[in-house]
Structure formats: C-alpha cells, structure tokens
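What TrEMBL says about this one:
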DOMAIN    92-272  domain 'BPL/LPL catalytic'
BINDING   Arg132, Gly133, Gly134, Gln135, Val136, Thr137, Tyr138, His139, Ser209, Leu210, Gly211, Gly222, Ile223, Ala224  substrate binding site
SITE      Lys206  site 'Lowers pKa of active site Cys'
ACT_SITE  Cys240  active site, acyl-thioester intermediate
Amino acid sequence: MFNIKQFDEQNINHEANCLWKPQYQSFIGKYLLQDLENIDTTIANLIQINPSKASELNNFVGSKVVVNKYNNLVNWQDSFTAMVDFTQARTPTTLDQILLLEHEPVFTQGINGSPEHVLNNRFNIPVLQADRGGQVTYHGPRQQIIYLLIDFERKKHEFAAFDVKFYARNIVTAMENAVVNVLTHLGMSNVHAKPDAPGIYVNEKKISSLGLKVTRHGTYHGIAINLDMDLEPFHSINPCGYAGLEMCNVTDYVDVQALVKHGLISLDQVATITHEDLFNILQTVISEYFVSYIVNCFAYTKVYDGNNL
C-alpha cells in the first residue's frame with residue numbers, strides 16, 4: 001500500500017548525506033538563475049527586499065522540503081488517498097514534500113468532468129474521480145508525475161513578511177514555467193502554456209497536463225509530463241475535455257544527438273546508448289530541473305532526499 005511518511009522539523013535528520021543532490025547539476029546550473037529572473041518569491045529577490053530577514057529563512061520550517069522518488073508504478077487511488085490523508089494530518093511543523101512517481105494506467109476525472117468525454121474504454125482502464133480541477137485525462141507508465149504537497153497558508157504568511165503576494169496561481173505558473181523551460185533547454189521548439197487551456201503544448205499537441213487542489217491544510221496533485229508513454233489510451237477520451245486534442249511525448253522530439261549537444265552524454269556513449277537509456281536520462285534531467293526550479297522559485301533553503309531520511 002502506498003503511503004506518504006510525514007517528516008517533522010523536530011525529527012528530521014540534518015546530516016549532509018540526507019540532502020537532495022541532482023545528478024545533472026551542471027545542466028541545471030546553466031539555466032536556472034536566468035530562468036528565475038523577475039520571480040518575486042525567489043531567495044535572491046527576498047534578500048534584495050530584506051537581507052536580515054532573508055538570512056533567517058533557514059530557521060523556518062516552511063523553508064524545508066522533502067523530495068520523495070518512488071521507483072515502482074503507483075496505483076492512482078492509493079496515491080490520492082495518501083495525499084488527502086497526509087494533507088489533513090499536517091501539523092505546523094510538517095515539512096512540505098515533492099513526490100516523483102509513475103502511475104499504473106488510469107483515467108481520472110476532475111471535479112468538472114463530464115462522462116461524455118470518455119468516448120470508449122476498450123482497454124478496460126479504471127475511470128476514477130479526482131478532486132482537482134479540469135476534465136478527464138490519462139496517466140500511465142513512462143509519464144512523469146510530480147505532486148506538490150505544500151502548506152500554502154504557511155508559504156503565503158512567509159512571503160507576506162517581505163510584502164510579497166503569494167497565490168495558488170503562483171504554483172500553477174511555476175509548474176508551467178518549469179516544464180516549458182526544461183523542454184526548451186533540451187532543444188524543443190515552440191513549447192508553451194495556454195492561458196485558456198492549462199497545460200503545456202508543443203505547437204498544438206499537448207505534452208503535459210496539470211491540476212492542483214488547494215485547501216486550508218495544503219496543496220496536493222500536480223503535473224504529468226509525457227516522456228515516452230503509450231498514447232493510444234488518450235484516443236479513448238477527449239483529453240482535458242477537448243475533442244481531437246493530440247498528445248505527444250518528449251521522446252518524439254529529443255534524441256540521443258540532443259543529449260550529446262547538451263553535454264548529458266559523451267560522443268563515446270552514442271553507439272551503445274539504448275532507447276531505455278534515453279528515457280531514463282530524460283526522466284532524470286526533467287524531474288531534477290523541475291524540482292530545482294520549484295524549490296528555488298519558492299525560497300526553500302533545505303531540500304532533503306526522502307529516500308535517505
């Protein structure tokens with residue numbers, strides 16, 4: 001059974017080997033500072049506003065976050081139940097978490113979901129109800145899921161001390177920006193968000209879907225990025241309520257030569273790298289950039305690796 005362990009500020013292990021360390025830091029470091037320019041909620045901006053107060057951020061529980069990566073496919077209903085339970089059981093000293101995982105095949109309906117958008121179900125995939133916004137979507141293997149469990153009110157209060165506004169839309173925009181940025185840095189063209197149709201698109205094809213639930217206890221749900229998944233189940237639905245919307249994968253656009261160009265592999269590796277290797281590298285790079293963007297965007301000063309705690 002899937003569960004999310006609560007980490008409390010009082011019982012967290014602060015040893016250096018418990019900190020989250022991205023494997024592709026050199027790639028991330030090329031772009032991150034520039035990508036975060038003009039974002040109000042970054043540590044750099046808070047330091048400019050009030051250096052002495054910003055120096056105290058390390059002491060705030062809201063400035064610490066745990067990254068948890070799950071290697072096995074996760075049942076969606078189990079993860080949904082666990083996120084709700086985690087959020088409702090939060091205390092003032094519970095650390096925020098970012099979850100990285102893949103789901104077993106499932107269709108999920110948002111709170112505005114209409115049954116007619118499930119056209120057929122020839123794959124006999126479960127159709128389950130979520131409490132996020134939006135319509136129906138599909139989750140399955142080789143799609144990167146990233147869930148954000150953030151104490152929204154705590155973060156809002158933290159930023160208010162610097163006279164910086166913080167809204168739920170900030171989180172949605174940050175998720176969109178993170179995906180657009182990293183895919184663009186990997187050489188993909190015309191990657192963009194749409195203000196009237198949440199998600200990330202490549203030209204007119206959709207590559208990433210998102211949905212967030214915000215409660216007084218915290219946020220949950222997050223974003224799904226199509227890496228190298230079987231897209232056929234999307235033909236059984238109107239994805240996100242849009243008839244005829246085409247979906248796509250990152251591997252439709254990024255190949256081994258792109259990895260060489262960006263220094264993610266060497267020329268010597270080209271001859272032996274497999275498609276599975278390509279998928280694993282892209283999954284790691286994209287998820288690590290996303291996490292790095294989010295933690296810097298929202299002024300987290302300590303990032304822990306949940307697998308080492």
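A Cβ is built for glycine as well, from the same backbone N, Cα and C atoms used for every other residue.
The record assigns Arg132, Gly133, Gly134, Gln135, Val136, Thr137, Tyr138, His139, Ser209, Leu210, Gly211, Gly222, Ile223, Ala224 to the substrate site; their largest pairwise CA distance measures 16 Å. Here the Cβ of Cys240 (active site, acyl-thioester intermediate) has 22 other Cβ atoms within 10 Å, regardless of which shown protein chain they belong to. Long-range Cβ contacts of Ile223 (substrate binding site) within its own chain (separation 6+, distance under 8 Å): Ile145, Ile146, Met175, Val179, Ser208, Ser209, Leu210, Phe290. Between the alpha carbons (Cα) of Tyr138 (substrate binding site) and the residue listed as 'active site, acyl-thioester intermediate' lies a span of roughly 9 Å. Across the domain 'BPL/LPL catalytic' (92-272), mean pLDDT in this model comes to 93. Spacing of Lys206 (site 'Lowers pKa of active site Cys') relative to Gly134 (substrate binding site) is 15 Å (Cα to Cα, whole number). In the three-state DSSP classification, Tyr138 (substrate binding site) falls within a strand.
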